[in-house]
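Beneath this line is the structure, given in structure tokens, with notes to follow.
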Amino acid sequence: MEEKFRNLIEVWISALISLSYCYYISSKLSKGVLRLLSILPVCILFLVLPLFLSCVHFCAISVLFLSWLANFKLLLFAFDEGPLFPLPPKLSRFICFACLPIKIRQDPSPNAIPNLHPKPMPKWVLAVKILVLGVLLHVYEYRDGLPRFVVLALYCLHIYLEVELVLVFVGAVVSTLLGCNIEPVFNEPYLATSLQDFWSRRWNLMVSAVLRSTVHIPVQRFFKRILSPDGAMFAGVMASFFVSGLMHELLYFYMIRKPPTWEVTCFFVLHGAATATEIAVKRTQWLRPPHRAVSGLVVLTFVSVTGVWLFLAQVLRNNVHEKAIGECLLVLDLAKLFTSS
């Protein structure tokens with residue numbers, strides 16, 4: 001375990017040095033091709049660094065923060081776009097905004113749509129989610145006696161809780177260090193009433209925002225020249241889901257170290273097609289919208305079933321979940337040892 005921590009420290013020291021270079025050197029170059037060329041070596045390095053990590057959690061977090069978020073934000077920064085423009089006044093802010101899923105919370109206008117400006121998670125809800133995750137980890141000891149569908153449901157719940165809690169912790173630390181309020185990353189996705197609501201307004205909002213800036217808007221702008229406005233919008237939706245699928249394939253490659261099977265890409269392409277179809281049906285107003293409870297149940301069922309079928313397939317086949325659960329239990333054991341000493 002000591003070697004894994006040492007590798008993690010070395011990876012992030014390299015990342016911090018690279019981001020400092022972007023802040024002090026690349027930012028001084030004119031926007032466009034010249035700045036892009038200066039940033040590309042950093043983007044390539046951020047694709048290589050996770051290969052030095054064997055711990056599932058360290059690897060997954062580093063891929064999300066460096067290979068995905070930082071690379072996409074730096075590409076936007078090359079053209080004076082995205083959250084890194086205008087250039088933050090301090091290096092610490094530049095680093096946080098570049099590689100972390102954070103956004104400074106703005107006070108919404110009175111006429112703003114509530115779901116587009118989610119409220120911070122109440123402390124009691126956070127406590128309940130931590131408790132549920134702890135119970136889940138203990139239930140795993142008895143999973144051999146549980147029905148298969150129950151175990152798979154527990155895996156889905158585990159992924160959601162752990163991803164959200166890790167990002168909430170990161171946001172809390174950054175909020176304290178920078179002295180500012182941070183936008184919530186999740187907005188209770190289990191309350192989604194449509195796929196559009198789930199992916200656009202509730203699940204991993206910072207990744208959705210980055211995909212919107214780097215993929216959806218440019219693709220939509222390009223296809224407006226040759227397609228109708230609706231057709232261009234649907235092209236942007238499909239492109240965003242496709243790129244998200246490719247990035248998840250990259251994430252799985254780092255964790256599994258085997259060639260991609262493209263199942264997770266199929267998952268996101270399927271959801272992109274379903275979301276685009278859902279939007280098209282809503283615009284035609286052919287069907288009366290179902291009750292929120294009914295539509296919410298349909299959305300959760302669709303996400304869960306397709307998630308087990310395509311999203312989790314590689315993870316389960318290569319026993320990555322067993323390794324991840326083992327790492328979580330190790331953290332619990334260390335916490336117990338620390339509190340008892």
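Here the Cβ of each residue, glycine as well, is placed from N, Cα and C on the backbone.
The transmembrane segment annotation in Swiss-Prot covers 7-27, 36-56, 58-78, 120-140, 149-169, 233-253, 261-281, 293-313 and is backed by sequence analysis.
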Item to check | Beyond the flanks of the transmembrane segment (261-281) by 6 or more, those residues with Cβ under 8 Å of it | outcome: 194-196, 199, 230, 233-234, 237-238, 240-242, 244-246, 248-249, 252, 287, 302-303, 306-307, 309-311, 313-314
Item to check | Within-chain partners of the transmembrane segment (58-78) [C-beta distance under 8 Å, separation at least 6 from its ends] | outcome: 4, 7-8, 11-12, 15, 19, 22, 26-27, 31-32, 35-36, 39, 42-43, 46-47, 49-50, 84-85, 97-101, 166, 206-207, 210-211, 213-214, 247, 250-251, 254-255
Checklist entry - With an 8 Å cut-off on Cβ pairs and a sequence gap of 6 or more, do the transmembrane segment (36-56) and the transmembrane segment (120-140) reach 3 or more such pairs? => result no
